[in-house]
Each structure stands twice: as structure tokens, then as C-alpha cells.
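What follows is a set of notes on a single structure, which appears directly below.
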Amino acid sequence: MASGYGLSGGPSRCFPFWQEVLACYVVNTSTESDAGKRVCAPVLEDYYECLHHKKEHARTMAIQAAYHKAEQVNPRDDAPKAGVVRNLGLLDKEEDTKKVLGMK
């Protein structure tokens, strides 16, 4: 919101970035020339990042992809065996079952 007030009554999260964009345009542009707009491109980019979080999302996806790739290359040392996963440790445990049930 360009007024500076967010939904909760305080300043919105991107309002300081918007103020920087406006200040940059006021200082660097004139009625004769719009060449100063190029100077404001990094500030405008920061404002768009605050609004849409595209760079943050791209970084997060890159980190997750690298994590999954590293996980596939180096499997865990303490990973459970297939048999344990299949039967959850419950099958082939007649002795333990007898102990729990108090059977002989």
C-alpha cells in the first residue's frame, strides 16, 4: 500500500523500500531527461524483491536441489535396512512377543 499503512495499522513491510525508490526518482530525474532512472534500477529491484521474493525463492530452490543431490551421492550411514523398513521390526520377533505377553 503506497500510503504506508499496512493491514495491521502499522507501516507495510515494503514501504521503506518504496520511499527509497521515490527518493531516488526525485533526486535523479528531471522534466528534461529521464536518464536518471537507470541510476534507480538497483533500488527498484530491491523493492520488487520485497514485494515478490523471486530471488529468495530461487536461492531456496537452488539450496534444496544441492541438498538433494548431495543426499543422493552420499547415502546415510545409519539408514535402516530394507528388511527393517518392510516389517517395522515386528516380524520374526517371536521371542520378544512371548516376553511381552508372558507366554512360555
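Placement of Cβ uses the backbone N, Cα and C atoms for every residue, glycine included.
Since this is a predicted model, take the numbers as computed values, not measurements.
Looking up CYS14 in TrEMBL gives a disulphide bond to a cysteine among CYS40, CYS50, identified as CYS50. Packing around CYS40 (disulfide bond) is summarised by its Cβ count: 20 other Cβ atoms lie within 10 angstroms of its Cβ, all protein chains included. In the three-state DSSP reading, CYS40 (disulfide bond) counts as coil. CYS14 (disulfide bond) is surrounded by 18 other CB atoms, counting those within 10 A of its CB over all protein chains shown.
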